[in-house]
Each structure stands twice: as C-alpha cells, then as structure tokens.
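This report concerns only the one structure given below.
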Amino acid sequence: MERSRPNILLTGTPGTGKTSTSELLAEKLGFKHLNVSEIVKTHNCHEGRDEEFDTYILDDDKLIDAMEPMVEDGGCVVDFHTCDVFPERWFDLVLVLRANTDVLFDRLSERGYSDKKRNENMESEIMQVVVEEARESYAEEIVHEVESNTVEDMDSNVDRMVSWVAAWQANNA
Ligand code: ADP
Ligand code: MN
C-alpha cells in the first residue's frame, strides 16, 4: 500500500494505556486517532452484545469496510484491544503495551469493571494473549512490546514513536 505517512497500531489488554498513549501520540504527530471501540459502536460493526463477556460481538467485515477509507492514506494511530482482525498491510508499526498485574488491577478497578471482567483481563495480560496475537498476525520486525506502567513509560513510548515516524518518513520520501 502506497502512503506518505505510516499507520501505527497500538494494542494491548484493556487498561494498558492504549487510548491515553494514542491521544498523546496523535496530537504530537498531527495524526488521526482511531479508537476502534468507538468506530464499532458508531458504525454498528457488531452483531449485538455478548452478555457473558460484556463485550460486542464484532462484525469483522463491516469493521474493515468502515475503516479502509480512514486508513488508506496513512497518518493514523489505531487503538484496539485485539489486533488479528485487521489486514496486515494496514500497519507499518505495531506497539503492544504491557502493564504489571498490580498496575492493571488498580486501573481496571477504577474503571468499575466487575471482578469477573477484571480477572479475565488480568489473566489475559499475564498469559500474553495480545502479544502472541500480534506476533502471529504481523511481521516480527514491526511488532514491539513496551511497558506502560508509569507516565515516564508513556512519554518515552511516545518519544520513541515520534522518532520512528520521522525515520520512516525520511526513508519513504
Ligand atoms: P486502554 O485504552 O488501553 O484501555 P487507557 O489509556 O484508557 O487504557 O488507560 C487506563 C487508565 O490508566 C487511565 O486512567 C490512564 O490515565 C491510566 N494510564 C494509562 N497508561 C498509563 C501510564 N503509562 N502511566 C500511568 N497511567 C496510565
Ligand atoms: Mn481505550
């Protein structure tokens, strides 16, 4: 796919800091922040709710169709807790945010998650579900796992991606 600016995917277990980091990064780069959970709701890319898991049942095809025109010119920071639904060709960089169990516990409690939902997400983080999904879905050289426990982590992750984008643009000019 030809694009003059890269697309970045920020993924990770809920509560790892995708939305906060994406907002900051998109603002620094002048990129669009695409919060996929919001797109799923506003574009109705779901087949109702899964009450047991308290999430939407994703309509993958509808989501891809809705997002394709948004990402085709590049310049997007895409924020979603799962990453195997997107075409591989969309992304130039995939960042998997990681958080320590105690940190995630506090963040998900603060968010008002039920014990069940919080425990499922913590288990998923411990089992590295999203990391493995990312490694299976994208070329290994574009997948990076980074810590997102502190504000310093967030700043350094954003700085690192800003430098990476500058290098990408120099190489693709
Ligand atoms: P996600 O989008 O992955 O679910 P959020 O960005 O909504 O996560 O972050 C969840 C909570 O944790 C928010 O209150 C946010 O301010 C806080 N947070 C996220 N990342 C960090 C970080 N690196 N350091 C400190 N607090 C963070
Ligand atoms: Mn979020």
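Placement of Cβ uses the backbone N, Cα and C atoms for every residue, glycine included.
What you see is a predicted model, and the numbers here were worked out from it, not measured in a lab.
Feature annotations, courtesy of TrEMBL:
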- G15, G17, K18, T19, S20, R111: ATP binding site (BINDING)
- 35-58: region 'NMPbind' (REGION)
- 110-120: region 'LID' (REGION)
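Feature annotations (TrEMBL) mapped to structure.
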residue: G15; record: ATP binding site; DSSP class: coil
residue: S20; record: ATP binding site; DSSP class: helix
residue: R111; record: ATP binding site; DSSP class: coil
| remark: Sequence-distant residues near the region 'NMPbind' (35-58) by C-beta distance (under 8 Å, 6 or more away from its ends) are 19, 22, 66-67, 78-81, 85, 114, 117, 120
| Using DSSP, how many residues of the region 'NMPbind' (35-58) fall into helix, strand and coil, respectively? | 7 helix, 10 strand, 7 coil
| Which are the residues of the chain, G15, G17, K18, T19, S20, R111 excluded, whose CB is within 8 A of where the CB atoms of the ATP site average out, their centroid? | P14, T16, T21, R107
| message | Among G15, G17, K18, S20, R111, please name the binding-site residues whose Cβ is nearer than 6 Å to ligand 2. | response | K18
| field | Among K18, R111 [binding-site residues], residue with fewest other Cβ within 10 Å | value | R111
| request: Please give the greatest C-alpha separation between any two of the ATP-binding residues G15, G17, K18, T19, S20, R111, in angstrom, as a whole number. | output: 14
| Which of these binding-site residues (G15, G17, T19, S20, R111) have a C-beta closer than 6 Å to some atom of ligand 1? | G15, G17, T19, S20
| request: Can you check which residues sit near G15 (ATP binding site), meaning Cβ under 8 Å from its Cβ, same chain, 6 or more apart in sequence, and list them in order? | output: A99, L104, R107, L108, R111, N121
